[in-house]
Amino acid sequence: MESVIQEKGSLSIHTENIFPIIKKFLYSDHEIFLRELVSNAVDASQKIKKLASYGEFDGELGELKVQVKLDKDAKTITVSDNGVGMTADEIKKYINQIAFSGATEFVEKYKDKGENGNIIGNFGLGFYSAYMVAKNVEIITKSFREGSEAVRWVCDGSTEFELSGTEKQSRGTDIILHIAEDSEEFLDEFRLKGILEKYGKFLPISIEFEEKIINNTEPIWTKNPSDLTDEDYLAFYKELHPFSEDPLFWIHLNVDYPFNLTGVLYFPKLKNDFQGQKEKIQLYSRQVFITDEVKDIVPDFLQLLHGVIDSPDIPLNVSRSYLQADGNVKKINGYITRKVGDKLAEIFKNDRPGFEAKFDDIGLFIKYGIISDEKFYDKAKDFCLLKNVDGKYFTFEEYKEVVKENQTDKNGNQVWLYTTDEKKQDSFIISSQKRGYDVLNLGSMIDSHFINTLEQKLEKVNVKRVDAETLDKLIEKDIQLESILSTEETDALKQLFEGVASDKSAQIQVEAMPVDELPVVITFPEFMRRMMDMQASSGQQAMFGNMPMMYTVSLNANSPVISKILKTEDTTLKSALAKQVYDLAMLSQGMLTGKDLTQFIQRSVEII
Ligand SMILES: Nc1ncnc2c1ncn2[C@@H]1O[C@H](COP(=O)(O)OP(=O)(O)OP(=O)(O)O)[C@@H](O)[C@H]1O
């Protein structure tokens with residue numbers, strides 16, 4: 001049966017309810033009220049400038065300026081401008097109708113005149129944020145239109161307002177906030193100055209507070225790159241980060257299609273504690289500071305950069321989940337990645353020595369990008385460098401040529417060797433070099449992840465730490481060394497060492513190595529070790545968290561020392577000798593500690 005209830009209509013909002021909502025939920029940060037009112041005043045000033053340029057206003061423009069005044073005794077904060085002002089009708093339209101934005105209307109009306117939208121407002125709610133801190137707000141305003149009468153509007157935050165004629169000589173608007181008891185923290189010049197400097201440092205119209213202009217109205221990102229010198233960029237960097245070292249280089253961003261975005265990103269000299277350096281990119285919307293949390297707008301691997309991004313196309317007053325899904329935000333992300341890739345490629349191409357000199361600093365960004373961003377990898381694979389222990393740099397392709405001859409294994413795979421710690425792994429590096437192998441230096445936090453990505457991306461390349469295996473197994477060739485020991489001797493040898501090993505879980509194996517190789521060698525299987533490194537660097541505790549480091553003890557069947565130990569008749573001496581060479585191997589891997597170390601020293605002294 002069809003229902004008889006059928007009705008269409010529009011929902012009504014009870015305005016009594018709206019103030020508490022604005023006060024509580026519109027912005028989590030109450031200090032935003034000042035940003036909103038100053039932005040409105042800047043808008044009003046920009047509008048009069050534009051109207052003058054369109055020939056719709058032919059009076060004196062005068063010096064356009066926004067003034068913020070604090071009167072502690074009267075408990076008021078006043079924001080004044082000499083912009084367009086409002087007529088009584090405009091107040092009724094723009095102020096009395098909550099959420100009707102005059103800004104949107106202005107842009108709409110003048111869009112044929114190439115209105116590029118230098119107007120900040122668009123929600124039509126900003127003005128009411130004044131009620132987050134004020135119990136009463138007065139507007140005293142006079143429109144630029146000839147013959148307009150000045151008007152005064154007052155509202156105490158209820159739904160009743162008063163509108164009347166008043167005296168005001170000059171064009172423009174004064175917004176007077178009578179601060180509520182619970183917001184008197186804002187009646188403080190330092191607090192106000194702080195808020196103004198935070199949000200208004202780069203507003204396009206001069207902002208005066210306590211007889212000082214607090215802003216730079218023409219920050220460099222609004223200028224044409226071809227009009228700027230290196231000094232300009234460095235000076236601006238100092239303005240943003242007064243105590244930082246000079247940046248390595250920078251990128252000027254400038255797009256207007258399919259979204260609007262300008263900005264300058266700097267590559268800083270990184271300190272080791274790079275975690276602490278995040279949140280150094282500031283996000284602006286038409287020169288109004290919005291936030292320094294740019295997580296979703298800037299690709300993760302570029303969050304270590306410093307600088308400024310300005311885009312009116314990034315939605316501001318919305319939740320993060322919305323931001324992540326926003327099409328523009330995704331495009332902006334892709335654009336920034338591409339620009340950074342292009343810039344790095346350009347420096348690499350035009351100034352390879354300069355690029356190499358900076359690589360130790362920028363390598364982190366590049367490797368991070370390679371790991372986390374497919375598109376960035378496609379560009380970076382041609383300029384990302386590998387540094388070997390002799391301090392020489394190679395691209396991936398160059399390096400393939402360097403090691404092709406000596407480091408291709410019997411299956412036709414290249415094996416790239418690296419060290420994570422030149423000092424600790426010295427003996428392994430030396431043995432590898434003796435064989436004519438090259439050793440890379442990949443010891444930074446990010447490298448275990450980077451190596452993993454390399455192996456996935458590069459065909460027929462395996463990457464192993466110099467101590468991942470004994471020298472012969474590191475890069476397996478067709479030639480197999482013969483063991484000089486019989487099967488019985490091999491078993492006896494293994495048993496002897498199992499007896500002296502203090503760590504009973506150690507894997508002991510007998511292997512035929514070159515005669516001059518050490519009698520005992522301790523190695524860490526690459527895969528497990530790297531997984532553990534990766535986990536440690538990402539701060540996780542999961543799978544391998546509590547597991548001891550796995551290692552392999554290889555006994556060199558062909559070592560004369562091993563033969564000597566096997567031939568020793570005296571069983572006490574035999575064990576002592578075995579223990580001594582075993583401990584030497586432990587020592588060379590920095591694994592000999594505690595009682596084992598004490599006893600080792602004692603034994604060594606006795607032998608001498
Ligand atoms: N100082 C001012 N001078 C002239 N007009 C003003 C001034 N302040 C506000 N207005 C008018 O009132 C309208 C509503 O302002 P409101 O701040 O509420 O919204 P908005 O600026 O359009 O958008 P947003 O919510 O993003 O700030 C403005 O669009 C503008 O037309």
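Just so you know, glycine gets a Cβ as well, placed from its N, Cα and C.
Residues annotated as ATP binding site in TrEMBL: E36, N40, D81, M86, S101, G102, T173, R320. DSSP assigns T173 (ATP binding site) to a strand in the three-state reduction. A simple way to gauge crowding: the CB of T173 (ATP binding site) has 25 other CB atoms within 10 angstroms, across all the protein chains here.
Residues annotated as domain 'Histidine kinase/HSP90-like ATPase' in TrEMBL: 29-183.
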A correct count of other C-beta atoms within 10 Å of the C-beta of E36 (ATP binding site) gives 24
A correct count of other C-beta atoms within 10 Å of the C-beta of M86 (ATP binding site) gives 25
For D81 (ATP binding site), just count the other CB atoms lying within 10 A of its CB, please. 27
For a quick check of packing: other C-beta atoms within 10 Å of the C-beta of N40 (ATP binding site), how many? 25
